[in-house]
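Feature annotations, courtesy of TrEMBL:
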- 145-461: domain 'SAM-dependent MTase RsmB/NOP-type' (DOMAIN)
- C246, A247, A248, P249, G250, G251, K252, E270, D326: S-adenosyl-L-methionine binding site (BINDING)
- C376: active site, nucleophile (ACT_SITE)
Amino acid sequence: MSTFPRISLRPEVTDYLKNVFLNKEVLAAVGHQEAESRFQRLLTCLSHPPSYTCVRASTHLAPLEEIRQKLGEELKKQMCTSTEKEVSVQILPHPRIPDVLLLPVDGPRPVEQLSSEVVVGAQCGSAVLRGANVFVPGILASPKFMKAGDVVSVFSDLEGRCTRGATSFQGMRGFVGNGVAQIDRSGIFCTDVAAKGVGVRMVEPLYQSPSFDGVLPNLAFLQNLPSVVVGHVLGPLPGERILDMCAAPGGKTCHIAALMRDQGEVVALEKIKNKIDRIRQNAKMLQLNSVKVYCFNSTKAVSSDSAQEHEGPPFPAESFDRVLLDAPCSGLGQRPSMSCTWSLKELCSYQPLQRKLFHAAVQLVKKGGVLVYSTCTVTLAENEEQVAWALETFPCLTLQPQEPHIGSEGMLGAGLSPEQLHLLQRFSPELTWDQTGAAAPLPYRADRDTIGFFIAKFLKK
């Protein structure tokens, strides 16, 4: 069900994406009407959250059923504090992925808008749609005399035009629910020290889903379903040496280590220094000792010294059994995202960087080893075109089947053969948006109502 306007993009970006989704190969296969319909559905579904919450269970620490029961008990406690009614929490295991639990999201719900309004940034608004409260740094505007305890309606600034500290805002915005202010206006804006913590506790969100803040942090890890699939597709085995080239915030790194039962070595590289601690904290929280984290630019991760003795980067060629390149990308598959202000130049800036990283990845994986490339975007240039380029540039690479394969096959338009497209995995929520009813079984919906995502698996001959 459509609740929000389509994602707000610059006209040049909309035109670019339309040309992608209505390329000659697609038009020849499905016709103009269906291609146009898919594109319009994409723009709409990107601004809406998926119909479920995906939790990766730490099955290296406890059995899935035990985690499911504990999670149910914790969430019942949380929900009973906000209502006197008896509550039930539906938590279902995914039928094909052994460490995934699914929780349905209730929404959109009939929530009445109030006259007292708080405006938050688009990123904050997206987090609220997935179950978060409003944290103080995300607040842009509030009523002039707002006090802690006031009930307010929360709106997301869709175009990034609200001035911080304003008392009202009439630009393009999206209603995300009602909450209770936890802090006076003066504590948000009139202070020398930046305030932290919850600014508005959501009591009537438009989309109701559990808050996982502090809930079983070492057993239940919030992660989008395709991001969990990546770890399984990589297929790490105990005792192997694995490289995660662009590791922050560490979710996939830790999943790889967990799948290996913490036996072997997982090397995580991240070039942004202030993201390193988050990866280490996640590994420590999940009791994973096989993870080694380095602040390093992965485009320079190959050493010319094959006899080097230090264990950190750069590494000699063919140092790893498997390599994950979850590449920096335009992120246009993320949901919900009601607004993206990037220019076309910014959008197209990722392909060259991804290719530099790919060159390093191919050198670092052993002969007979596996390289997995993934993004959370929907463009051809960053996905299927990169695969076509890689197969032409590196004759040693061949595409491999993926397990599990629960997404769609690759998208037409990059000149790949039907057999090659069949080996790729593209999560395309626009294919079934508004066609899969809430009455459909949750696992069925979960495989289709995802973020936009792409996975390619290569073997180095």
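Glycine is treated like the rest: Cβ placed from N, Cα and C.
Apart from C246, A247, A248, P249, G250, G251, K252, E270, D326, the S-adenosyl-L-methionine site neighbourhood in this chain, defined by C-beta within 8 angstroms of the site C-beta centre, holds D244, T253, A268, K275, I279. When the Cα atoms are compared, C246 (S-adenosyl-L-methionine binding site) and the residue listed as 'active site, nucleophile' turn out to be 13 Å apart. Site extent for S-adenosyl-L-methionine: among the recorded binding residues C246, A247, A248, P249, G250, G251, K252, E270, D326, the largest C-alpha separation is 13 Å.
Distance noted between the C-alpha atoms of C376 (active site, nucleophile) and D326 (S-adenosyl-L-methionine binding site) is 9 Å. Long-range Cβ contacts of K252 (S-adenosyl-L-methionine binding site) within its own chain (separation 6+, distance under 8 Å): S227, V230, G231, D244, L324, D326. For the domain 'SAM-dependent MTase RsmB/NOP-type' (145-461), the model's pLDDT averages out at 94. Within the same chain, residues at least six positions away from G250 (S-adenosyl-L-methionine binding site) with a Cβ under 8 Å of its Cβ are A268, R278, I279, R280, Q281, N282, A283, V291, V293.
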